[in-house]
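Peer 1: Dropping the structure in here first, questions after.
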Amino acid sequence: MKIILLGAPGAGKGTQAQFIMNKFGIPQISTGDMFRAAIKAGTELGKQAKALMDEGKLVPDELTVALVKDRIAQADCANGFLLDGFPRTIPQADALKDSGVKIDFVLEFDVPDEVIVERMSGRRVHQTSGRSYHIVYNPPKVEGKDDVTGEDLIIRADDKPETVLDRLAVYHKQTSPLIDYYQAEAKAGNTQYFRLDGTQKVEEVSQELDKILG
């Protein structure tokens, strides 16, 4: 089962990715997590990515495509995977298709911009695992602490309101065209496309996903 998640930053993709991973036992491939790991390790790619991400800009296609292709070739992706944050542009989608990867489901999470700004300002992240929480919508069991490890949660620099607005502008310009792209792919019989109302409660979105993928 090979799945692509579409939706603006803060649309709830990360939370639902956890549900899909637990339910179907496939790994999540998040380019954001990959780049954050590279940043933490202080690699050259990580330094380049950090400068761009801090400004709310996207990392160039050639860096991202190479990273993802290496990742989906690994053994744990044999039964499928979940792509979150890739592809972000039409050239990336074409590169994925050209590499012979067949996508089974494309899931779009639809949320208005103003809701996303409110959501992301309350987001808290466990840096090591990438687990994501929200102080209102999906709080940790203990305030400020990761449910699994008990370690501190952080506020990412790119969750600040001014950076969120910049990221949304980039999303609408570069990534929104993928909605039309994958709807056309679905009409051609190359994948299945579903749009979900991401303003629903987390549990309601999960139930809808269960019906679609089950």
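For all residues, glycine too, the Cβ spot is worked out from N, Cα and C.
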Peer 1: With Swiss-Prot as the source, identify the stretch among 30-59, 90-119 annotated region 'NMP'.
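Peer 2: The listed stretch tagged region 'NMP' in Swiss-Prot is 30-59.
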Peer 1: Can you pick which of ARG156, ARG195 Swiss-Prot lists for the same AMP site as THR31, ARG36, LYS57, LEU58, VAL59, GLY85, PHE86, PRO87, ARG88, GLN92, ARG167?
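Peer 2: That AMP site, as Swiss-Prot gives it, pairs THR31, ARG36, LYS57, LEU58, VAL59, GLY85, PHE86, PRO87, ARG88, GLN92, ARG167 with ARG156.
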Peer 1: Looking at Swiss-Prot, GLY10, ALA11, GLY12, LYS13, GLY14, THR15, ARG123, SER132, TYR133 are annotated for ATP. Which of GLN200, GLN207 sits in that same site?
Peer 2: GLN200
Peer 1: What does the structure give for the C-alpha distance between ARG123 (ATP binding site) and LYS57 (AMP binding site)? Integer Å is fine.
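Peer 2: Cα to Cα, ARG123 (ATP binding site) and LYS57 (AMP binding site) are separated by 20 Å.
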Peer 1: Work out how many Å separate VAL59 (AMP binding site) and TYR133 (ATP binding site) at their Cα atoms, rounded off.
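Peer 2: One finds 25 Å between the Cα atoms of these residues.
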Peer 1: If one measures from the C-alpha of ARG156 (AMP binding site) to the C-alpha of GLY14 (ATP binding site), what distance in angstrom results, rounded to a whole number?
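Peer 2: It is 14 Å, counting Cα to Cα.
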Peer 1: Sequence-remote contacts (6 or more beyond its ends) of the region 'LID' (122-159), Cβ cut-off under 8 Å?
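Peer 2: Long-range Cβ neighbours of the region 'LID' (122-159): 9-10, 14-15, 18, 30, 32-33, 36, 40, 53-54, 56, 167, 202.
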